[in-house]
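Here is what TrEMBL says about this protein:
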- 17-36: transmembrane segment (TRANSMEM)
- 57-75: transmembrane segment (TRANSMEM)
- 87-111: transmembrane segment (TRANSMEM)
- 162-185: transmembrane segment (TRANSMEM)
- 197-225: transmembrane segment (TRANSMEM)
- 245-263: transmembrane segment (TRANSMEM)
- 284-307: transmembrane segment (TRANSMEM)
- 346-370: transmembrane segment (TRANSMEM)
- 390-410: transmembrane segment (TRANSMEM)
- 416-437: transmembrane segment (TRANSMEM)
- 449-470: transmembrane segment (TRANSMEM)
- 510-530: transmembrane segment (TRANSMEM)
Amino acid sequence: MTPFTMQERGFALGDSVIFWLLCFLSCIGGLWYSIIGSRRIGIMDLRGYLLGRSMSILPIAISLMASYLSAFTIVDAPSEIYNYGLQYWLVVFGILFSCIIVSLVYLPVYFTLSLSSSYEYLELRFNKHVRAVASILFLFDEVLFLPIVVFIPATALNQMTGYSVITTGAGMVLICGVYTALGGLRAVVWTDVAQMSIMLLSILLVALVGTIVVGGVVAVFEITSVSGRTDLSNWDIISFYKRETPWGALIGAMSYWTCFNSVNQTMVQRYIALNTIGKARVAIGIFGVGSIMTITLCVYCGLAAYATWVTTGCHPHAAPIVDDRLLPAFVTYMANRCGLPGLSGIFLAGLFGAGLSSLSVILNACVLVILEDLLHGWLQIRLTPFKEGLVVRAMTMVLAIFSLIMLVLVKELEGMLGVSTALSAITASITCGIFTLGLMCSWVGPRGAITGALAGAVVSFYFAVGSHVAKSMGLHELPIGVSMQCPNITSFQNIDVNLDPESIFPLLRISFQWVAPAGLLTTLIVGAIVGRSFDVQDKIVMDAELFSPVVWRFLPAKALADAGEVRLSRKSQSLIHSRFTPLTITPKNKVENNNRPSSNNNHN
C-alpha cells in the first residue's frame, strides 16, 4: 500500500480544466452583475451599491457563510483535528449559541434604528469619536485579514502545481476587485452563492473519497479512537494552558463567533440587506446550520487524513505535527490512489471560491465603513452623489491592491500570518465589548466605553502575542496518541520535547481559545466600572431603543418615556440631507426637547 507522506503534489490536465472552469463559473455571476446589473444601480445610487436593500433570504444566508468560512477555515480545521483530536469540533455549539445571542440581543436594535452601518449605533449611543475608534479597529482588523484569505488558496496552488504565490494572488485580487468595485453588494452576494456551492461540493467530495480510501466511516472512527482523537469526555478539565479542551472550544468559539457575528460590518451589512428582522433571523439560522455542517465536514476530513496516515504505515514525513499543507496533500494522495484526476481541481476551485468570497465581502464592507462612518460620520465630509460613487469604487480597487502588497509581506515575513490572525481576534473582542456595553449598560458613557476597550486590548494583546512568544521559545503542544498506533515515531523533528513548560511565564502559555473571552470580559468589566464612576450620568442619552430589549425592564423610567426620540431625530436629519447622499445620514445627535437633558454627544 502506498504510504501517505504529506509530500504529495501534482496537477493533471483534467485538474487544470476543471479548476479553471469552476473558477470561471464561480465568478461569472459577479462579472455579469458588474457589467449588466451595475447599469441599473448607477454610479449615484450608493444605497443599492453598498447596501443591496430588500434581497432574498437564501442568498444572504449563503453570503453570511462566505463572510466567515474562508479558505483558512477549510485548511486549518483538518490539521487541528489531525494533531489534537475532535475537541475542536465543539466550536459548532459555540456557533449555535452565538446565533441565538445575536438574534435576541443585537438584531432588534439594528432594525429598530434602521442603521446603514453597525458603527453608526455607537454615535447614537455614545458620540462620534467612539464610532470612529470602532470603525478604525474594524478597518485595522480587516486589512490584517485580507492577505490571509488570499495567501491560503495561493499557497495550496503553489503546493500542488508550483505556481507562484504572488502571481496567483494577483490574479485573485484582480478578478475580485473588478466585480466588487463595479457591482457592489449584490454582485458580491450572488457570487458568494456560486462560490460557496463549489466550496461545499469540494469538501463533501474530499470527505467521501477519504472515507472510501480508509474503508468506511466506521473504520475512520475506529482507527482515530484508538489514539484518543475522538474522546470528548474530559469536561471536568478547565485548563487555560492546554491547547484544546471542551470548555475552551465551547466558550472560546461562542465568544469569538458572537463578537464577529454581532457587530462586524461584513455580517451586519447582510442582515440589514433584508427588509425585516424576521427574515434576518431566518438567514442567521440558515447560516448557523450551514456553518455547522461545513465545519463538521472539515473536521471529518482531518480524521480521515489521520486514519489514512496510520493505515498506510505511519510515514515519518507526515508526523507528528502537520500544518496547513495537510489537506492539499491528502487530496492529491486520494486523487492519485483512486484514479480521480479531477478531484484536485475541484478542491482547489472550492478553496479559491472561499478565498474570493471572503475577499469581496471584506472589500465591500470596508468601503462602506470608510464612507459612512469616517467621512460622513466622523469628519462630516460629504461630496455630490456622483463623486462619492466614483470614490467608493476607487477605494475598492485601492484596498484590493493593498491586499496584494500585504500578501507579499505575509509570504516574506515568517510568523506574520499567525500574528495577523491573533490581532484579528483582539479587535473583534474589544469592538464587541464596546457595543455590548452600549446595549446592556445604561450607566456607561463614552469614557467607560473607550477605557474598557483599551483595557481589553491590552489583556487580549498580551495573551495573543504571548502564545507566539512562547512558541518561539520552543513551547509546542505535542499531538495526542501518536505512539499508540505508530510506535516507531519516537522523535519530533525541530521540537524540543524536553522543554519544561513551567519554565515559561504562565500568562504566555494561555491557549488561543481564551483570547476572545479575555478581551471581551475585560472590556465589559472595566467599561462598566469606569462608566459608573466617571461618566456623567445626566449627559447619557436615555432612549430605550438604544438598548437591547433584554434589558428594558431594568432601564430608568426616562429611557422608556423617551423611547423613539433618537429614531425620529434621525429621520428628520435624513430628510434634510437626502439630496446630498442616498445613504442614511448619520445624525448630529442634537435633539432639542424640553423634557430631555442636553447630551455630551451633540455635534453642531
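Any Cβ shown, glycine's included, is placed from N, Cα and C.
Just so you know, TrEMBL annotations are computer predictions that nobody has curated.
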* Do we see three or more Cβ pairs under 8 Å linking the transmembrane segment (346-370) and the transmembrane segment (449-470), pairs being at least 6 apart in sequence? -> no
* To do: Please check if the transmembrane segment (197-225) comes into contact with the transmembrane segment (284-307), where contact means 3 or more CB pairs closer than 8 Å and the residues in each pair are separated by 6 or more positions.
  => yes
* Asked: Per the definition of 3+ C-beta pairs under 8 A with sequence separation of 6 or more, do the transmembrane segment (449-470) and the transmembrane segment (510-530) touch?
  -> yes
* Asked: Among 57-75, 87-111, 162-185, 284-307, 510-530, which stretch has the most Cβ pairs under 8 Å to the transmembrane segment (390-410)?
  -> 162-185
* Non-local residues, at least 6 beyond the ends, that sit with Cβ under 8 Å of the transmembrane segment (87-111) -> 77, 80-81, 118, 121, 231-232, 244-246, 249-258, 261-263, 268, 271-272, 276-277, 280-281, 284-285, 287-288, 291-292, 295-296, 299, 435-436, 439-440, 545-550
